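What TrEMBL says about this one:
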{"type": "TRANSMEM", "residues": "12-37", "note": "transmembrane segment"}
{"type": "TRANSMEM", "residues": "57-89", "note": "transmembrane segment"}
{"type": "TRANSMEM", "residues": "101-123", "note": "transmembrane segment"}
{"type": "TRANSMEM", "residues": "170-190", "note": "transmembrane segment"}
{"type": "TRANSMEM", "residues": "211-231", "note": "transmembrane segment"}
{"type": "TRANSMEM", "residues": "243-265", "note": "transmembrane segment"}
{"type": "TRANSMEM", "residues": "277-299", "note": "transmembrane segment"}
Amino acid sequence: MNKGKKIAEGGMLLALYSILLFITINIPFLGMITFFLLPIPFVLVMIKETISWSIGFLAVASVLGIVIGTILSLPTVLLTGVLGIVIGYHVKHNKSTIQMFISSVLAFLVGSLLILIATNIILDINVVDETLTMVEESMETSFDMMDMLGQNVTDDVKQQMRDSIEMIPMLIPSMLVISAMVMAYIFILASQPFIKRFSDKVVKWPLFRELRLPKSILWYYLITLVATFFVNTDDHSYVNMAILNLMFILQLFILLQGFSLVFYISYVKGWVKFVPILITIVSLLNPIFLTIVRILGIIDLGFPFREAITKSK
């Protein structure tokens, strides 16, 4: 590609990015959608050009971001830009989708942590404390409104709610990791149609029903489960925090394995495609069904359950 064409394409992608960023900053509801499209120009640049060219593109986009918004929009530009470059790099070099996902999660996680640290140091705002204060105030307001409507909440329930909120700071590491996983997945998903349309590359995810996590996760889960019986929730030590966060993440993996088994059973038995989706939705809304799915995940990891289902077909 000659230099003139490269500059022209870069200019068009910068214009596209500027429009997306303007909408993200200034139009609340639509901006929630365009936010997930922000990495796309960087993805396309990285697929077609070198890393140095992509970094230069990010530098120019950062200046435009400050002009369009303010200096406060710079973290958004840098975060989505780096994420786009990471995704584009993996697509360009034909890396596996799982590799791309893990790298994107790490990029988003590191970027988010740097933003939180910078916000705390530069603006003297502790995002965690501010969020907890808002949640506590919202909860107390809800209690007052229910009392006014004659729907009194017992003191035991109120205390349980307050105890749950006090647990949030200890679970922040897990929440950040899970948030990074969800956000990275959505960013990659949003980029896929554009990668397919404007390049010869294809992003292919492994089928969810074929998900088989390492069996060692089950042992980690059982050991951590036993360790939780010795955790004092009032003690905010690093050991207790590590155990609670590990348990939180391992439970998520067990649930994923359980839902994967549900989709596998549905496929083998020839159920209508909506059935496993409906089971997933109902399970997420009902703790009892969620426990059943967790048990299925444990069975799937510990026993050759899928092989038995396949043989009985």
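The chain as shown is numbered from 1 upward.
Placement of Cβ uses the backbone N, Cα and C atoms for every residue, glycine included.
Bear in mind that TrEMBL entries carry predicted annotations, made automatically and left uncurated.
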Task: Same-chain residues at least 6 beyond the ends of the transmembrane segment (12-37) whose Cβ lies under 8 Å from its Cβ atoms - done: 44-45, 57, 60-61, 64-65, 68-69, 73, 76-77, 80, 186-187, 190
Task: the transmembrane segment (170-190) vs the transmembrane segment (101-123): 3 or more CB pairs under 8 Å - done: yes
